[in-house]
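Copied over from Swiss-Prot, here are the features:
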- Gly11, Ala12, Leu13, Gly14, Lys15, Met16, Gly100, Thr101, Thr102: NAD(+) binding site (BINDING)
- Lys39: NADP(+) binding site (BINDING)
- His156: active site, proton donor/acceptor (ACT_SITE)
- His157, Gly166, Thr167: (S)-2,3,4,5-tetrahydrodipicolinate binding site (BINDING)
- Lys160: active site, proton donor (ACT_SITE)
Amino acid sequence: MKQKARVIVAGALGKMGKETLKAIAGDEELELIAAVDIKAKGEKVADLIGIAGLDISLENDLDEVLENYQPDVLVDFTNPQAVFNNARSALKIGVFCVIGTTGLNEIEIKELEKLAGEKQVGVAIIPNFAIGAVLMMKFASEAAKYFPEVEIIELHHDQKMDAPSGTAIKTAEMINANRPLRPPRNVREFEKIAGCRGGDLGQVRIHSVRLPGLIAHQEVIFGGAGQGLKIRHDSFDRAGFMPGVVMVIKKILQRKELVYGMENLL
């Protein structure tokens, strides 16, 4: 019988964390061995996610959990301030990482990439675990060959800490890598209110919306002479991310380097 991969989840009290606990607990090839959250007070995971038979209590010290449980994989859904140190601690002791937390900067990603190579363990940084979102990014990248003028609108729940989203950044990067030219700027354009034209990543404007009731949504809008093209993805429930989370956990165990974007594991 194939040995189950031993997994711990950091950020277990968050909305994505709770869904991830359920998904791992329900998968025959994965074993949930610990759950971590800085706000934890010893809660029972079984009570938290409504699955009986899990004898696991929430803990609040990730370094202790890594040392005591020696997992195969750390799944991180914490926050931009914690994720880098969490991943670095795990990689240093040979623990594979799946990072769903956005907010890592280029320097931090390079350091994690170097550490993964030194330790020969895989680390996956995934801006979006929804298969539909990955397809949206791929379609947008293809469309950019023919429609170089493009803007992105990303919409998320009002508790999301960072802007723009990792998905929007990744989409803009893929567009810039694939479009043959970048349109000239409108030099006469000016903002009556600072920031109203959005952020600019390689001449792709990104607009961030934060409202209660939303989960994760993105539109990529292309314009051309006499026509337009809109590519949109909507996540209506966090359960829609879970097939991707489970797949990435299993796939990253076969890698020995940093992987950025789920499309590179499909």
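Every residue, even glycine, has its Cβ placed from backbone N, Cα and C.
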Listed recorded positions are Lys39, Thr102, Lys160; which of them have CA atoms within 10 A of the CA of Thr167 ((S)-2,3,4,5-tetrahydrodipicolinate binding site)?
-> Thr102
The answer, for which of the binding-site residues Thr102, Thr167 has its Cβ ringed by the most other Cβ atoms inside 10 Å, is Thr167
Rounded to the nearest Å - Cα separation of Gly100 (NAD(+) binding site) and Gly166 ((S)-2,3,4,5-tetrahydrodipicolinate binding site) = 9
Quick one: largest C-alpha distance among Gly11, Ala12, Leu13, Gly14, Lys15, Met16, Gly100, Thr101, Thr102, binding NAD(+) per the record, in angstrom?
-> 17
Least surrounded among the binding-site residues, given as Leu13, Lys15, Gly100, when other CB atoms within 10 Å are counted = Lys15
What Cα-Cα separation, expressed in whole Å, is found between Gly166 ((S)-2,3,4,5-tetrahydrodipicolinate binding site) and Thr102 (NAD(+) binding site)?
-> 6
Among the recorded positions listed here, Lys39, Lys160, whose Cβ has the fewest other Cβ atoms inside 10 Å?
-> Lys39
Work out the three-state DSSP category of His156 (active site, proton donor/acceptor).
-> strand
